[in-house]
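Here's the structure, in structure tokens; my notes come after.
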């Protein structure tokens, strides 16, 4: 059995880690390199850096952060946010990222997934999906630009398309659950897992250790992403893992 992973996510804006609720109201959490080292020591299996800077200066600061972090990190580092081209991916991998996460750029140009997968290998390419449930149309749709713009692309169609194009992993954020700490969107995640064979990282809603136990007990996703509850020290990576083990689920 493949062991489940717990992955802290750091949203980085202009060189600082920030966190909001449902993609709004950002507050400063701290220095990304220091936080990355803390999670490295605390038993995290991987780290995700999401660059939400709006400026060129912010994006350049991100490269420095990645380089400083990667030189001291012993776990895989995935970097996403603002990636538009193969050149951007090359730059991130050269600065120490192990994987890249594509979102808006992949929706705009799906061939970028195939080109990136062919050039760097499927294992490097994670597709991030901000999934919004539209109650009027009774379907989940993909959002772009950090969850701000709704597209007409249905999530269940998109996940199958990206797998065929060469994505190695999916990072699915249920926007209605993000930062709410009420539990993961189990039904939605289970449905996505039934449509693809690649690993899924679940994001949005993890409010306590038990939510991660439920996630892994009720779906076959590979990993759970956590931000607020870890940054605010409401729980720790080890406490989450201990609860998962006690639930009879194999975890790294």
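Glycine is no exception: its Cβ is also placed from the backbone N, Cα and C atoms.
Here Swiss-Prot flags 11, 130 as active site, drawing on sequence analysis.
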Whole-number Å value for how far residue 11 (active site) lies from residue 130 (active site) (Cα to Cα): 14
Mind checking which of 11, 130 has the fewest other CB atoms within 10 A of its CB? They're the active-site residues. 11
Based on DSSP, name the secondary structure state of residue 130 (active site): helix, strand or coil. strand
